[in-house]
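Below: the structure, in structure tokens.
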Amino acid sequence: MRHSPLLPARHGRPTTGAGPPPSAAAPPAPAVDPRAAVRGVARAGTVLAAGALALFAVVATAVLASGGHDRLDVVVRRNLLHHDLLRDDGPATGLAHLAGGLASPVLVAAATVAAVVALWRGARRPVLGAGLLAVAVSTTALVQLLALALSGVRPSTTVLLGLPVFDGSFPSVRTAAAVALWGGLAVTGVLLVRRRAGRVLCVVAGLLLSGLVAWGQLDRAHAWPTDVLAGWLLGAAAVGVAAALLATWPVLPDPVLPADADTPPGRATGDGGTTLGR
């Protein structure tokens, strides 16, 4: 007996005589808040900035109280020299030279310009580009002014170290500027990348580069250990402030889509961002 097209089949499905019906559509996936990770970046940046500034206050108090002759500097440099980490014939001399180059003013300036142009023209992220430029310029200027204000803290660094010094200031301006740049690039990557593994990779790269900056400054005797530590903390504070501000910027998530774009609000775009309904 043949089934009528309007009657249910044995298995409870209506038949039309044209083959099996299409399967029922799967329920829609729950909506994901595209700004959840961004809010996490803002919170982490606030904590980083507050912690770095608090530690800098401790280091600055110790250096000022010692009159620029902090015992920690002598102990650290003596131990590093004892382990051949700062000697020209040491086991890590080549890597130390590369690490020292990460804080070169020429490299920092060139990397800043290249990153700003790439964000502005290539990735269509003018807010991130302007923010990165502001972080690099303001950090260098403010730390340089602070170093000039505290220029009387240290005796002549050439006499103290016995070597020609390119950045003998407290705090180290080179270290602060380099850490602010490489850390700012890491924050930019975290804000642009969708996948968790990519964000973790950006954070690890930022920590590794900032650590190499500090090691390179110590290895080339550009500054005393507390100078490098103070500059590193100020650079980290600048990164935290930049993360907190950029992550909460209202127009950050996406570039302007073309007029014929049919991506609905809330859907992920192909460049790693998300489109939010206005």
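Counting starts with 1 at the first residue shown.
Backbone N, Cα and C define each Cβ position, glycine as well.
Under the heading compositional bias 'Pro residues', TrEMBL lists 19-31.
Under the heading compositional bias 'Gly residues', TrEMBL lists 269-278.
Among the features that TrEMBL reports, region 'Disordered' is placed at 1-31 (among others).
Sequence annotations record features per position, and here TrEMBL assigns region 'Disordered' to 258-278 (among others).
Residues or ranges marked as transmembrane segment by TrEMBL: 44-65 (among others). Outside the transmembrane segment (44-65) by six or more residues, the chain places 72, 150, 153, 170-171, 187, 226, 229-230, 233-234, 236-245, 247 with a CB less than 8 A from a CB of the stretch.
Look at TrEMBL and you will find 95-120 (among others) tagged as transmembrane segment.
The transmembrane segment feature in TrEMBL is assigned to 127-153 (among others).
For the transmembrane segment (173-193), the residues of the chain that approach it from at least six positions outside its boundaries are 37-38, 41, 45, 102-103, 105, 108, 111-112, 115, 119, 123, 125, 128, 131-132, 135-136, 139-140, 143-144, 147, 166-167, 199, 201-203, 205-207, 209-210, 213-214, 217, 222-223, 227-228, 231-232, 234-236, 238-239, 242-243, 246-247, 252, 272-273, judged by C-beta separation under 8 angstroms. If you look up TrEMBL, you'll see 173-193 (among others) marked as transmembrane segment.
Residues of the same chain lying 6 or more positions beyond the ends of the transmembrane segment (200-218) and with a Cβ under 8 Å from any Cβ of it are 77, 80, 86, 96-103, 167, 172, 174-175, 178-179, 182-183, 185-187, 189-190, 193, 225, 228-229, 231-232, 235-236, 239. Annotation source TrEMBL lists transmembrane segment at 200-218 (among others).
Under the heading transmembrane segment, TrEMBL lists 230-252 (among others).
Residues of the same chain lying 6 or more positions beyond the ends of the transmembrane segment (127-153) and with a Cβ under 8 Å from any Cβ of it are 60, 63-64, 67-68, 108, 112, 115-120, 169-173, 176-177, 180-181, 184-185, 188, 191-192, 231, 234-235, 238-239, 241-242, 245-246, 249, 251-252.
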